[in-house]
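Report on the structure given below.
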């Protein structure tokens, strides 16, 4: 981890020593600014039982700029688009240098428990969530079975 800012080293050490329950985040062997992340679908959510792969990258400006995060596993969620980009305020205008990688991962995990169709990135999914939530939840469960189980 030579050449990395001390803050990134400290955050990485803490993530490895004290993992967030339901989340695994490991730095890439060749680039310590790039993390391989796996988030377990939260209990009592349509994503329960799934394991979702994400990539997290710390830009050169971190912590003055937010990490770049995206889902690698397909997910049916109003706040995640087909490319895996995530609509989450702390990844955009609400980012603060006081926040950490850990905070970002916890916020993404919370977004899985509480999709927000009123601030969508995937408009079609959000529309389905608003007009027929039961059907949207069933589709999310089906996608979880299809794409997020036995995928690790």
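Glycine too: its Cβ is placed from the backbone N, Cα and C atoms.
Within the same chain, residues at least 6 positions away in sequence whose Cβ sits under 8 Å from that of residue 87 (active site, glycyl thioester intermediate) are 79, 80, 81, 116, 119, 120, 121. Residues or ranges marked as active site, glycyl thioester intermediate in Swiss-Prot: 87.
Secondary structure at residue 92 (ISG15 cross-link), taken from DSSP and collapsed to helix, strand or coil, is coil. Annotation source Swiss-Prot lists ISG15 cross-link at 92, citing similarity to another entry.
Taken from Swiss-Prot, the feature domain 'UBC core' applies to 3-149. Under DSSP, residues within the domain 'UBC core' (3-149) fall into helix, strand and coil as 52 helix, 26 strand, 69 coil.
As annotated by Swiss-Prot, N6-acetyllysine applies to 82. In the structure as shown, the Cβ atom of residue 82 (N6-acetyllysine) sits within 10 Å of 12 other Cβ atoms.
Taking the Cβ of residue 92 (ISG15 cross-link) as reference, residues of its chain lying under 8 Å away and at least six apart in sequence are, in sequence order, 66.
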